[in-house]
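J.: Pasting in a structure now, in structure tokens, and then I'll have a few things to ask.
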Amino acid sequence: MKIQNSMPGSARKRPASIGGWDKAMLVMLVMCLVQFFGVWFYPKFEFGSAVLANQGKALSVPFQYLLWAFVLLSAARFLQQRGAAPLVDALKPFFPFLLVGLAASAFGIDPFGSLRMMSLWGLMALSAVVLGYSIPPERALRTMLGSMFVFLLLSAIWSVAMPAYGLQGGEGANMWRGLFVGKNLLGWIAALVLVVACSMYRTGYRRLPAMTIVLAVLCLMGSGSKGALVAALAALAYGYLVPRLMRHVTPGFGTAIILVGGLCAVVCAALVFPIIVDLLGRDVTLTGRTIIWKTYFMSMTNTPWLGQGPGAYTALSAITAVLAARLNDLGAIATPHNIYLGVLGDAGLFGLLAFLGMMIYMVLIVPAYRRGYLWMLTGTIGFLIMANGLVETQQIFSAGPGWFLLILLRSMALRQSGTVGAEPAQQARVRPMSKSGLAPAPAPALHKAGF
């Protein structure tokens, strides 16, 4: 993402000193990244047993309780000072999806388990909003990128130096998993980090982003996550093309072009990709994913409207235990390996419609009307979630890195816009942003933000 710093040479200036509470917020940001990215020293495990690895996280429970106390304390202070309006505005697009999830929980197979999962999601969202509004965006981005760099660097070292713990066997080769529960999660984290690092490269703060880009690509290749790599490249293309398109057409027309083009691309890929793979002599089932999708989908048709509740098809449950037994030859398959099937199973057709509406709003509509670096980066992360969701479940109603980054960046963008509660078109007219998206522009202008 191309960004021009609003203060020339500011990258060489010593950052201003910060107070005690600001330092506490930075500590909380790092702790949240550790928790929601799933960074830890995991025990040994073989291919297919990643779903059980969380049981061996030494000292993780005290860390989590400390973090939850930290989040609740900071949230109480935040609400006392600012009120609930920023929180509502940041989470407004998620409300329909969450309401469907609550309804599905009530009629699902494990209401208490589903509500617990959604409660943890709520704590994640609360922490992201508080951090997004409390830390200056530039400082938050640098802290976030530095933490991500350390996570990937330690993962690479751990995979090479301690192969018994840092590698995951499968598909005839040993793949990196580093400090994460499995190779697919390392690939997903590396894809997120790659997008953020590329977006920060042109800020005048290049050394760390450049090193992070190289490290993210290395981890993507080491993890063998081809789906995450393709999704990351697609997200970078989105971040490069969308701002340039929006400068030449109206927001509504540009949104329509992207939506129609995206649908055509998905349809063409679904029809043409299997033929190309077959001609190349590769596995047409995408390492068994088409078999997994069919098996899970047939089970989901029994409860099409509201599903079986959050976690029923996207975590260890009575349903996924039966399905995993049927797919035992492919490993311990406890999720459908597709975010859209995951939503369908957990929240039914109503949940899938709410999910698609929420993501289309944040990926297409908001970046079209709210111009600026932070808004574009938020949309790009949302696009990456949708693209990678074609081959991986990731998190839906559970706390995870994609949702945390999405809500954090949206909150940072809302803080910069300074018009909490306004509609997208109103905010674009009320207070335009600078080219960097990190400070208000001195005069109305169409700023350029993109990769």
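Any Cβ shown, glycine's included, is placed from N, Cα and C.
Per TrEMBL, the features are:
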DOMAIN    212-356  domain 'O-antigen ligase-related'
TRANSMEM  21-42  transmembrane segment
TRANSMEM  62-79  transmembrane segment
TRANSMEM  91-109  transmembrane segment
TRANSMEM  115-133  transmembrane segment
TRANSMEM  145-165  transmembrane segment
TRANSMEM  185-201  transmembrane segment
TRANSMEM  213-241  transmembrane segment
TRANSMEM  253-281  transmembrane segment
TRANSMEM  302-327  transmembrane segment
TRANSMEM  339-366  transmembrane segment
TRANSMEM  373-390  transmembrane segment
J.: Go through the chain and flag residues at least 6 beyond the ends of the transmembrane segment (302-327) whose CB is under 8 A from any CB in it; none is fine as an answer.
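T.: Beyond its ends, the transmembrane segment (302-327) has Cβ neighbours at 51, 100-101, 103-111, 113-114, 117-118, 288, 291-292, 295-296, 333-336, 341-342, 344-351, 393, 395-398.
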J.: Under a Cβ pair cut-off of under 8 Å, which of the recorded stretches 91-109, 115-133, 185-201, 373-390 contacts the transmembrane segment (62-79) most often?
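T.: Maximum Cβ contact count belongs to 115-133.
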J.: Under a Cβ pair cut-off of under 8 Å, which of the recorded stretches 91-109, 115-133, 185-201, 213-241, 373-390 contacts the transmembrane segment (339-366) most often?
T.: 91-109
J.: Might you confirm whether the transmembrane segment (91-109) is in contact with the transmembrane segment (115-133), defined here as three or more C-beta pairs under 8 A between residues 6 or more apart in sequence?
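T.: Yes, the stretches contact each other.
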J.: Short question: which residues 6 or more past the ends of the transmembrane segment (21-42) have a Cβ under 8 Å from it?
T.: 53, 56-58, 60, 63-64, 66-67, 70-71, 74, 77, 124, 127-128, 130-131, 134-135, 139-140, 143-144, 147-148, 151, 165, 177, 179-181, 185, 189, 399-401, 403-404
J.: Using a Cβ-Cβ cut-off of under 8 Å, list the residues of the same chain that are 6+ residues beyond the ends of the transmembrane segment (213-241) and lie near it.
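T.: Contacts of the transmembrane segment (213-241) (Cβ under 8 Å, skipping residues fewer than 6 from its ends): 1, 149, 152-153, 155-156, 159, 171, 173, 175-178, 183-184, 186-191, 193-195, 197-199, 201, 376-377, 379-381, 383-384, 387-388, 390-392, 450-451.
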J.: Which sequence positions outside the transmembrane segment (185-201), separated from its termini by at least 6 residues, show Cβ-Cβ distances below 8 Å to it?
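T.: Same-chain contacts beyond the flanks: 1, 3, 37-38, 50, 141, 144-145, 148-149, 151-152, 155, 176-178, 209-210, 212-213, 215-217, 219-220, 222-225, 227-229, 231-232, 235-236, 239, 373, 376-377, 380-381, 384, 388, 392, 394, 401-402, 405, 451.
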J.: Counting only residues 6+ away from its ends, which parts of the chain sit with a Cβ under 8 Å from the transmembrane segment (91-109)?
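T.: Sequence-remote neighbours of the transmembrane segment (91-109) are 115, 118, 125, 129, 306-310, 312, 317-319, 346-348, 350-351, 354-355, 357-358, 361-362, 397, 407.
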J.: Please list, for the domain 'O-antigen ligase-related' (212-356), how many residues fall into helix, strand and coil according to DSSP.
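T.: Helix, strand, coil within the domain 'O-antigen ligase-related' (212-356): 104 helix, 0 strand, 41 coil.
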